[in-house]
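Annotated in TrEMBL:
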TRANSMEM  B:12-35  transmembrane segment
TRANSMEM  B:65-84  transmembrane segment
TRANSMEM  B:136-159  transmembrane segment
TRANSMEM  B:191-211  transmembrane segment
TRANSMEM  B:254-278  transmembrane segment
TRANSMEM  B:311-333  transmembrane segment
TRANSMEM  B:339-357  transmembrane segment
TRANSMEM  B:412-431  transmembrane segment
TRANSMEM  B:462-481  transmembrane segment
TRANSMEM  B:512-535  transmembrane segment
TRANSMEM  B:547-573  transmembrane segment
TRANSMEM  B:585-604  transmembrane segment
Amino acid sequence: MTTSAPEPLLALSGVNTFYGQAQVHFDLSITVARGHIVCLLGGNASGKSTTMKIILGLVKPRSGEVSFDGASLVGLSTPQIVRRGIASVPEARRLFADMSVRENILMGAFVRNDRDAVAQDLDRMLTLFPKLGQRLSQRAGSLSGGEQQMVAMARALMSRPRMIVMDEPTMGLSPLYVDRVLELIRTINQEGVSVFMVEQNASLALEIAHEAYVLQTGKIVLSGPARALKDDPRVRDAYLGGSEAA
Amino acid sequence: MSSWLDYTINGLIVGNVYALVAVGLALIFGVSRLINFAQGSIYLVGAYIGWVAVVQLHTPLPLTIIVVAATAAVVGLIIERFGLRPLQNSVRIAPLLATIGISFVLDQLVMLTFSPNPRALPSQLPDVRFQLGGGTIGPLDLLIAGVGISSALLLFVFLRYSKLGWAVRAASQDRDAAMQMGVDVNRVNQAVFGIAAALGGVSGMLVGMYYNQIDTAMSLQATLKGVVAEVVGGAGNVPGAVIGSLLLGLVESYGVAVFGTSYRNLFAFLLLVVVLVLRPNGLFASARQAPPEPLTGTFIAPSRPVRIPRWVLAVAAAGFAVLPLFPVSFYVLQTLINAWLLGMLALSLTLVAGTMGQVSLGHAALLAIGAYTSALLSLTLNVPVGLAVIGGGLVSAALGTLLISPSFRLRGHYVSIATLAIGEIVSLVILNWESVTRGPIGISGIPPLSLFGYDLISPSSVYWFSLAVMVVLALLQGRLLTSHLGRSFRAIRDDDIAARAYGLSLNRYKSLAFIFGGFAAGVSGGIAAHLYSYINHETFNTQQSILALTVVILGGLGNVVGAIVGSVALVGLPEVFRIAAEYRILIYGIVLLLLVRFRPQGLLGTI
Ligand SMILES: Nc1ncnc2c1ncn2[C@@H]1O[C@H](COP(=O)(O)OP(=O)(O)OP(=O)(O)O)[C@@H](O)[C@H]1O
Ligand SMILES: [Mg+2]
């Protein structure tokens, strides 16, 4: 089932996670090859967001290994993990609502100290997300959902990450915005950033992903190249099963 | 003669002082969602460091300010590193209790080092006053205003233009998201505690100079005023805290102008309660989201209680009941009587705070209501003492519940603040309502306990009486916990949203808990009044509220047997080890800190 890529950029293996008594992950193993877009699909409460939190060190697994670029992330704090080159677009965006759009985007460069290059990158974000140009001094909390998604993505890119993890980047967006977000993810990826994304919207996510995993109540029930999964009837089955159980 | 302009100037100056405290509280609340009850102790430390610098080291004023700010900052950093950081992953109530414990420890250390007697803190400034419109202003006023304004500017520049300042703002808006940007939240916490402590310390020093006097009672007052200002401005809102402080200063100053000095604090706490009830997120909350207070279920440590067989309890009760038949000293009986009285208060608090999840910090007010009612009933209306004590319990149940009811819609920290304020209001009303309570003179000549016409004067009869009352209350409460009502209480504590969805009326159940708790505490206060024969508005103070809370935590929140065991332990052990009175509060503070850190579920476990 594992991809035959050389050394993966990110690897989770045998991860078991608990919230108190309740087990959320059962022996979870996921790999993200360098330069790939990998998608984690699953119904509500299947443990997708928790997977993101494990990667970012916000939740600690009870057992198992998480490694990035060959080095273990276990025991590192979230800021340390971010400094290794992982940026994130959290579930529901999580902008700093009372800070301006500019400040939000610049917060993404918090781990960097090269001021001039950061300023250049800010300009680059404005070419990538032209709409944000007029909104730079606006409170981030007052933006529309789609605009907030753009800010969240720009913010993540500002750290010049090697990998971005995204939690349901298309959630709550109109079809027009969904297409733009997916297009942007592809652009980001073509510039060399690996992407790990969590999605509920399987058909759209499989359009742009290289590989995908299907999570059901904490267990990987399917995985493989996105192209193969797209035509797999079990993807639909897994979905229906997952959402009915929830 | 003082003019309105003078009162305005005074209000703004005092407001500046409050702002220095409140801004620190707001920064800390923003980042950690924690009300730092130790803030006033840092203010106290600042005042005494200032005294050492001025009086003993003869430092010039600028150096004094720097020394005070630096020392206070170090104290703040120590509190953060050793008091609070180890509690990062524990239940929400833990850091709150820890700051209370820390404040007790710091206050007592200051008191033991410098003695409780007030000291003069000279301002080192010339004593002249300039005419300004119709009022006057002195160099010290200008200094305080200058320190206030320049601190606000420095803080603004720090938050707006420095990298660490950005991190502070980001972390206070969304801690997890800030961490995902690479912000090290521990460093942010350090920065915030350091800044808050430096400002608080300088504030204490300035106040000492303003009134030319410092004493250890300053600490709690400063915490209370800072909390009022901060909540009025909107918890966690830094500019709001400044405005809230100035507003508080003015309200107090005008209140004093109209009604007199003894009303100063009453206005502060009334303002707090009004804001909490009408605008719990502060006056400027429009643009901001309510600071998320957790469900109370995550606020209190869950655990499995220790089961004690009934026969063990029965044997223990019988053992204590026959104790006076043996030749024990008066001193032992006296100590145990105190334990039984504290036990009744603890029963009340463990029900309200543990079973119901409303962590009250003003529980001594219920004692005071019961004590005054019982004393006045027996003295002025000649009601037999036994009935008067019951009357005290009933009035305390009714009045206490009524007073607390505005806070029923609050959660978590806000309940604690509201109960603290309500407790203060009760003691201030007692102080000011002279026609009934005899004001600051207090009530003396309260008749001794009596039952059916027989005076209970011998220590053993008082002992039996208080033990019997406590046991009856404990049995009733034990029944209550296993009843349907008790289960409803816990359901509301663990998840009030779900409980409401099941159709439980929160107000009704919270009222029932406070009625029962108010009765137990009122009876305890009533008995105490007849034992002491003299009470005044300070007999039942915040220290007792906190002592009761420590007892309840020690025994295990919600745990009936635990409340009694905790009372015996905290009253008895200091006697057994012959610990001098002035060290006791220090010991209680340390016990609270150790419990929170190592055994938050208490000795017998929470129920
Ligand atoms: N902090 C927490 N404490 C306790 N349980 C949690 C916590 N966070 C998540 N859970 C539980 O863990 C399970 C998985 O949650 P998770 O957020 O990972 O699901 P998800 O797949 O992202 O769902 P969704 O599609 O709804 O976002 C759920 O049952 C959830 O209730
Ligand atoms: Mg999720």
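The backbone N, Cα and C atoms fix where each Cβ goes, glycine too.
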Remote residues contacting the transmembrane segment (B:191-211) - C-beta distance under 8 A, at least 6 residues beyond either end: 13, 17-18, 20-21, 23-25, 27-28, 30-32, 36, 39-40, 42-47, 49-51, 64-65, 68-77, 79-80, 84, 121-125, 140, 143-144, 147, 151, 155, 158, 164, 167-168, 218, 222, 226
For the transmembrane segment (B:547-573), distant same-chain residues with Cβ under 8 A (at least six beyond the ends): 97, 100, 300-301, 303, 305-306, 308, 313, 335-336, 338-340, 342-343, 345-347, 349-351, 353-355, 359-361, 363-364, 470, 474, 477-478, 481, 490, 588, 591-592, 595-596, 600-607
CB contact flag for the transmembrane segment (B:311-333) and the transmembrane segment (B:512-535), at least three pairs under 8 A: no
Proximity verdict for the transmembrane segment (B:12-35) and the transmembrane segment (B:339-357), three or more C-beta pairs under 8 Å: no
Dominant neighbour of the transmembrane segment (B:512-535) in B:65-84, B:339-357, B:412-431, B:462-481, by Cβ pairs under 8 Å: B:339-357
Residue numbers, six or more beyond the limits of the transmembrane segment (B:462-481), whose CB comes under 8 Å of its CB atoms: 317, 320-321, 323-324, 333, 336-337, 340-341, 343-344, 347, 351, 355, 449, 451, 456, 516, 520, 523, 527, 531, 558, 560-561, 563-564, 607
